[in-house]
Amino acid sequence: MSVNEQQPQLSDLPPEMLDFNILKATIPLAPRLGRLSLPGRKSILTPAFLGNTSRGAVPHISQDNFRKCTTLNGVYVALEDFIEKMPHKQPPVFQVEGEEPLRQFIALPKETLLVLGARRAPPVPSPAANTNSEVGLYTSVGFRSISSEYFAAAVRNLQPDIVVGLADIPFGQESIGTKRKDKMADRTETWMRDIIAKRKTLEKEERNFNIFAPILPIERDLQSWYLEHLVDDMAAKIHGVAIYDSFLLDGLPEELHHLPRLSFDTPATPQALLRQVNLGVDVFTVPFVTDATDAGIALDFTFPAPAKQDAESNVRQSLGVDMWRTEHALSVTSLTEGCTCYACTKHHRAYVQHLLSAKEMLGWVLIQLHNHAILDAFFAGIRNSIENGSFDNDFAAFEAYYEPALPEKTGQGPRVRGYQFKSEEGQGKVPKKNPKAYKPLMGETDRLKLQAIHGQQPNKKPEVADQIDDEALMGLVDLENMRPEEQLEALEVEDDKS
Amino acid sequence: MAPVPMPSALSFELLGKCSVTKARAATLQLPHGPVPLPIFMPVATQASLKGLTPEQLEDAGCRLCLNNTYHLGLKPGQATLDAIGGAHKFQSWPHNILTDSGGFQMVSLLKLAQVTEEGVRFLSPHDGSPMLLTPEHSISLQNSIGSDIIMQLDDVITTTSPDLARMTEAMERSVRWLDRCIQAHKYPERQNLFCIIQGGLDLDLRRKCTAEMVARDTPGIAIGGLSGGEAKDAYCKVVDTCTGLLPEKKPRYVMGIGYPEDLVVSVALGADMFDCVWPTRTARFGNAITARGVLNLRNAVYSEDFGPIEEGCRCVCCRSQEDGGLGITRAYIYHVTAKETTGAHLLTMHNVQYQLNLMRLVREAIIEDRYPAFLKEFFGKLYDDKSKYPEWAVDALRGVGVDLLSD
Ligand SMILES: [Zn+2]
Ligand SMILES: [Zn+2]
């Protein structure tokens, strides 16, 4: 292992200063090993992934389970999850008093690295286009725009460990014209200068933050000015880069190579993730974990892949197990053999299958814990493989061993959550979430009666409301053809009365 | 016709009695460990408590929770339960489970259900196919579930029904069904069958039913058919009447009760065990139970309230990080409720803790023989003015020697 000589030792660093040690790197555009350290936080060996939060929590994982049942040492948090009250009111998170307001507010453990960006990962396209001075966001109640000044002030107030600089990226736009690309680079540069300027104004006793500079998903030529300025004027003030298109990593100026690379180039599969590792990405947010969980799919892959049982066979293994399938109903085995996660050591497939089909929230909790454990082991395997110098072979063997995509979703997801509504609204129409639960076996009247019994008719008497079947309240039974907002309303009605 | 006394898989140790009210404190030894009485039992309807892991439920102090036979019978079904070896193994819950008979759901299913001497016919809510629930089938299902306490199938009709003849029929049928349940019960040495006293709001019917049920000497006794929307004073009269006729050394379970003021009054009337879905169901919608009443944390006034859900609460959410907790604030609950399932999980933990802790305080007060003072303090906190005390509670407690309105 070679420690990069230019890097100061951890003990020499001022507090809150991020340190990235490249432990093993051969050539540019190759997998590398590193260690991301910040005083007071657990070090993160890279390649690694961050917990991808929604409104401050990794979906389905309450803060106590985060501590007890996961090994996550860092999380990514989006500012847009916290500022829906602006501009009419000051968002509550800014009113938290004391040290590290955002960390306090979301009850994140003290030793967990906190990375803040403007947009969720992945972001939902906002109908509010970015302008020279403002970036469009999508909050839980609709779109908003914030200025670069607002963003910088928010960062100063919230005191994350790392902030991803504002980037002018027109998410959701298929093709971007050259003129627009020029603007992207200009604006991003201006906004980077803003956040760096803000950092300079920090008082001595104020907690510092580390800045990751966006590298735009456009050709190097079209952002060459921006990149030059990053190198010439800002290099000393940035502590990492945020990558939006990992294939453009070869355009990354050499002067920035020592910086940790955080990818927002959303990988759809473990293979896509390996491809990015292969290009030298260090840190990931991995949205497909929660997507798989919501689909009831227990991830089931390891890196390196197991040895092929039958060398002749061309059958590829699935990357996940669809826990909706009734074949698990009697299976008392763990989700993945040998997995040491909470779900696999305490529970079995039969229970998880039951929870999904009963639409009990615990089903998604258990799968989510498992999926994070699988991904954690996957990254540990990647690091080992790089260390051993066998990454290329292991990557090829992985591609040969597993199917190229995650299994198709068959079951119903959990009730769509706030931020999931809008991705569909953004496309202009709401597709059917789930097939109808009831086949028309009965007459309409009987069906309505049954629904009423199962609580789908708002009931005015709380005493009677107590008997309402939970399935109808939390689940999807016969709510699936409503627009999501109506679903939420329908759910709200029930309890506002008790 | 009292059959031979049945074996019991529990022991009931009376620890103290209130010298004024009818409240009792006891320890109930069950097959999966001791539980303190009085007790509130959270309802894990489908073998899961609203997103909490069994460990989280355990951490909240729960040692006895409910599963619903009706739901488990449909999903995962009896064959699965048999194959896996019962509900404890199925949900990895090392502590006690109580199951209802499936009959409770009949109150709501009644419009589509048909009750005959044989059992209850109804349409499956899942596919509309006809189903029949008999006393034998209910016990067989509960035997497969393996719950520590099982309930007889009873003929439940709403207490507010004006039809005395039907009410009498239901009461008498419930007695006959108990006999069939006792006959059908395969594991009396490891599962405790509780009878259920019926009779609506008619105190004479209740007295008659109580005598019949007590004669059958089940390990525990439930008072059923309540919580169906009857007036609270009528409810109290029924509980008071029944407990007055019950043997001292058996646990008394009032089904479907869970509002804090109902719990403390029912304990004063001599009841020991309670269950209700309300505390956990309501958590999902942002309702936090506190000593000062229920707060709906979805109300914007809490969006900037950075205090704990309830000051002084010992649940993992409310305790500060310095104190080994999470330091979750009302503002954060406001932030996530109805948007992330985590919001429900957090508030569910708080609400379960509140209910269990309330019963712990009740028990301490009884053992130290200061329950009347506890009641006064409880209502004093819950309502800012005595004029707001519910009349039914004042009357019911006056009936057992506590005048809430005196100083
Ligand atoms: Zn696992
Ligand atoms: Zn609490």
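Cβ coordinates are placed from backbone N, Cα and C, and glycine is handled just like the others.
Annotated active site, proton acceptor per TrEMBL: B:ASP100, in sequence order. Annotation source TrEMBL lists active site, nucleophile at B:ASP275. Feature annotation from TrEMBL assigns substrate binding site to B:ASP100, B:SER101, B:GLY102, B:GLY103, B:PHE104, B:ASP154, B:GLN198, B:GLY225. TrEMBL lists B:CYS313, B:CYS315, B:CYS318, B:HIS350 with the feature Zn(2+) binding site. Sequence annotations record features per position, and here TrEMBL assigns domain 'tRNA-guanine(15) transglycosylase-like' to B:21-381. The annotation region 'RNA binding' is assigned in TrEMBL to B:256-262, B:280-284.
With respect to ligand 2, the recorded positions B:ASP100, B:SER101, B:GLY102, B:GLY103, B:ASP154, B:GLN198 contribute no residue with a C-beta closer than 6 angstroms to one of its atoms. Highest local Cβ density among the binding-site residues B:GLY102, B:GLY103, B:GLY225 belongs to B:GLY225, counted as other Cβ atoms within 10 Å over all protein chains shown. B:GLY103 (substrate binding site) is 34 Å away from B:CYS315 (Zn(2+) binding site) when you measure Cα to Cα.
B:HIS350 (Zn(2+) binding site) falls within a helix when secondary structure is assigned with DSSP. Summarising the environment of B:HIS350 (Zn(2+) binding site), the number of other Cβ atoms within 10 Å of its Cβ, over all protein chains shown, is 26.
Its Cβ placed at the centre, B:CYS318 (Zn(2+) binding site) has 27 other Cβ atoms within 10 Å. Cβ atoms within 8 Å of the centroid of the Cβ atoms of B:CYS313, B:CYS315, B:CYS318, B:HIS350 (the Zn(2+) site) belong to the same-chain residues B:PRO308, B:ILE309, B:GLU310, B:ARG314, B:VAL316, B:CYS317, B:ARG319, B:GLY325, B:MET349, B:GLN353, B:TYR354, site residues excluded. For the pair formed by B:GLY225 (substrate binding site) and B:ASP100 (active site, proton acceptor), distance between Cα atoms is given as 12 Å, rounded to the nearest Å. Within the region 'RNA binding' (B:256-262), the DSSP-based counts of helix, strand and coil residues read 3 helix, 0 strand, 4 coil. With respect to the residue listed as 'active site, proton acceptor', the closest of these recorded positions in Cα terms is B:ASP275, chosen from B:GLN198, B:ASP275, B:HIS350.
In this structure, B:ASP275 (active site, nucleophile) is part of a beta strand by DSSP. Between the candidate binding-site residues, B:CYS313, B:CYS315, the densest Cβ environment within 10 Å is the one around B:CYS315.
The Cα atom of B:GLY102 (substrate binding site) lies nearest to that of B:ASP275, taking the recorded positions B:ASP275, B:CYS313, B:CYS318, B:HIS350 as the candidates. The two recorded residues, the residue listed as 'active site, nucleophile' and B:ASP154 (substrate binding site), have Cα atoms 17 Å apart.
The Cβ of B:ASP154 (substrate binding site) has B:SER101, B:GLY103, B:ALA170, B:SER174, B:TRP177, B:LEU178, B:ILE196, B:GLN198, B:GLY224, B:GLY225 as same-chain neighbours under 8 Å, each 6 or more residues away in sequence.
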